[in-house]
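A.B. asks: Pasting a structure here, questions to come.
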Amino acid sequence: MAHAGSGGSAGRGFGGSRWGRSGSGGHEKLPVHVEDALTYLDQVKIRFGSDPATYNGFLEIMKEFKSQSIDTPGVIRRVSQLFHEHPDLIVGFNAFLPLGYRIDIPKNGKLNIQSPLSSQDNSHSHGDCGEDFKQMSYKEDRGQVPLESDSVEFNNAISYVNKIKTRFLDHPEIYRSFLEILHTYQKEQLHTKGRPFRGMSEEEVFTEVANLFRGQEDLLSEFGQFLPEAKRSLFTGNGSCEMNSGQKNEEKSLEHNKKRSRPSLLRPVSAPAKKKMKLRGTKDLSIAAVGKYGTLQEFSFFDKVRRVLKSQEVYENFLRCIALFNQELVSGSELLQLVSPFLGKFPELFAQFKSFLGVKELSFAPPMSDRSGDGISREIDYASCKRIGSSYRALPKTYQQPKCSGRTAICKEVLNDTWVSFPSWSEDSTFVSSKKTPYEEQLHRCEDERFELDVVLETNLATIRVLESVQKKLSRMAPEDQEKLRLDDCLGGTSEVIQRRAIHRIYGDKAPEVIESLKRNPATAVPVVLKRLKAKEEEWREAQQGFNKIWREQYEKAYLKSLDHQAVNFKQNDTKALRSKSLLNEIESVYDEHQEQHSEGRSAPSSEPHLIFVYEDRQILEDAAALISYYVKRQPAIQKEDQGTIRQLLHRFLPSLFFSQQCPGTSDDSADERDRDRDSAEPERRRPTDEKPPADASPEPPKVLDDVYSLFFANNNWYFFLRLHQTLCARLLKIYRQAQKQLLEHRREQEREQLLCEGRREKAADPAMELRLKQPSEVELEEYYPAFLDMVRSLLEGSIDPTQYEDTLREMFTIHAYIGFTMDKLVQNIARQLHHLVSDDVCLKVVELYLNEQQRGAAGGNLSSRCVRAARETSYQWKAERCMADENCFKVMFLQRRGQVIMTIELLDTEEAQTEDPVEVQHLARYVEQYVGSEGASSSSTEGFLLKPVFLQRNLKKFRRWQCEQVRAMRGEAKSSWKRLMGVESACDVDCRFRLGTHKMVFIVNSEDYMYRRGTLCRAKQVQPLVLLRHHRHFEEWHGRWLEDNVTVAAAGLVQDWLMGEEEEDMVPCKTLCETAHVHGLPVTRYRVQYSRRPASP
């Protein structure tokens, strides 16, 4: 599949190799192996051992070329300039140049550079090659056909084939015959290249197609546009005369071979022309012009790809990938990776594409056009086939099965010829969690490399064994018999493929000649080939040992990281989640959800918390305070006074909120603080071992009270600090519990091993330690949590590298270590918030207000007596809202219950209060106090009479007349009302007050209203039977009407039989007894069931 054109393209075609051995410009080059490159590199290294700058410069050139920073002419220019004093190295570099490039150094000392893109050789002085290379210019090959014309011819051919397929949809044999004619013609054209033409002529092709398309004049005339010469000669009658002349035949075949070249999938994309080329019409097309771009199979392949991709833009992107390959910008393996998103879901097309790529490697395989049924298999649309699950498709019944002569009767019965595997790869999934992490990809890549090397070694070893057996056989034969011995295609073994691959890997393009020598003259060829195979075996084994060290290092670096799939994105996500904006958005979103529920009527408006957090271990609070103090103390940006205030908040104010005692050893003295930081490691190191301190070491802690709470109204900064502090405590608790869990598992494992090793004399060692698969840990399991705290301190002060910190955490806590990766960032954010708390006036006022209200008993207490403190807590809330007029107000409660502390946070709605005028609020508060108090009630009774009346005289007359009527009516009802009030006892002692904060009326405890009439209980007892009887009759009447409308007689009988236990199927044998009784004077029927045996318990 080389490209067409007189000059050819630099590098490779669609299936060619990138590098070739040195040779003449027109000769075929042998492939370069890795050992050749290493040998050349060793020569350069030895030559410039005393000049490392030159050697490093050569390596830099190779790196730039590998990264595609420079092209092939640039490599030639720079290498020639670098090795201008060493012509042997320049000549040796020819082995690694692409096909068509060569550097010659004649005796005159001038460089002759041959390039496929230049019309003639460029000669350069050997002494001044650097300046000459700057002036080198490469001209484009003028023999190439313009890209616009190529695409027109290609599309016309594809459109014509599709038109034939659509026209003869009901007669597929005609379409198949047409393809066979063109396949035969194209195959003969390819196989007769360079020899006198003996195949079908264009006239014969046109005649057969005319017979095939009889009655379809439009198709025949359009096909004649591809064969203009054949059509003209056929109608003029000169075709036979030309074919009878042998000399003309030979001349025509030579001219035909000049015009044709090996087809390729796509021509290399050349630079755009300055002028737009005028496109040729379809009347100028010929089958020779179309055939030089590829076979009909390749045309059909691209047509299928265009149909399955559907979008023209996607199809053009697919073509751009192939253009990159033809321009030598990507390799073959990289091209497969580029097209896998396009063809990955179409295995047939992808396999066909790979067969186009590997023409040389698969040269010993039968040609694709000769395979039985290949054209039909490519026409199968697996998307419309019958499915089983998601991985199998059924072949259509019209599919012609390939013939197999080795099958027996039982093979035909049991082997599958219908269902085809149609896998869906996990890499094609868009589900994020199914993707591999970079560390997993690295391990898979190492495994793939090891597997490929093992396959190469085993293939080579298997070939050595086969040839050794042949050599032993030859050693036992006479010389005459050795000359007569011939080997088959398996070369003395049982497999043809293994030996061929091994020999191709070593000898490259010369492998067919070597294999032919082994078949014809094994006595001479076997020893030579066997020696070469054994030398390669030793060389590859040594290389494998070096690779094993590299792979082992990669495994050790990536193994623990590959196990933890959460750590990949944890850092980035955690940084975003701990920002102040994210924390505020979280509670605001919960607040909005509650407001929507209240507005829609799904829940009653009530004061409920928006966020709830639980502190399960009080000791964690001390560890968190110690870490924060350790970092704050070492920050020069925080002044000494602020550091003292922060210590007060951490060790006095926070413990009071969490019902905890002041941390031992904390005081205002900086010396005591330093001693506490230095000695804090000892008590912490004893915690994971569950060792209890002696009784006289510390005083007995006070008894913990349950169901007590603290109330704290906070602003934004305090909310941010409390959230970050809770996050720190939660992560420390997870690490601590994970350390305890691993310690318990280790102790159980030790006890199990001790039981197993009681009968042994020697102590059983850890197999992983014995095999050196596991390194002994530097930290004991009992010290994991204290060691973790020490590592965090070291990370905060910068004495440990973050990468080392993460690797050590992974060794200790495996997949649970990711929680501690951002511990330093979390502590730094907390310290930053603490600095805001001690430097902001509003934050300090919030603390001062809490302490004052705590002394008044308005900031917490016993939960059972909270209603007594309701008015004081409301006053505290009102003061806090006025203090935080420009910020959000958060109601934070700390509830102690069952040894745990529960923190609830509620965002208060202060918008209405903020919109009111403070002066009006003060007047309203004064009015409420006067209205509720006794003084205000007595003084306000006479103030209204001093003002002028606000009503008219005529309305007053009407009102007086209505008032007289009401008085007369009341006098008439007085007697009856007096009778109704006889025997009635009532009291009106209810008391209420106004809440100053919310302006709502609240009823006082132990004040109520009641009314009771004497003798009503006896009368109710007398009337109750009559009421029950009336209700019972109403229900019976309704029930009877419902039964008549909805229940049939048969259904009622079945229910009665079931109730009486007369249906014995699936029932325990029993007997139902009916008893009549009276309840409240009403006759009722009671049913009692007696079982003949006890039913089974559920």
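Indices start at 1 and increase along the chain as displayed.
Every residue, even glycine, has its Cβ placed from backbone N, Cα and C.
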A.B. asks: Could you check which of 52-98, 757-803, 851-897, 1039-1085 is flagged in Swiss-Prot as region 'Interaction with REST'?
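C.D. replies: The range carrying the region 'Interaction with REST' annotation in Swiss-Prot is 52-98.
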A.B. asks: Out of S253, S603, S670, S938, which residue gets the phosphoserine annotation in Swiss-Prot?
C.D. replies: S670
A.B. asks: Look up S17, S667, S940 in Swiss-Prot and give me whichever carries the note phosphoserine.
C.D. replies: S667
A.B. asks: Over the region 'Interaction with SUDS3 and HDAC1' (383-550), what is the model's average pLDDT?
C.D. replies: 86
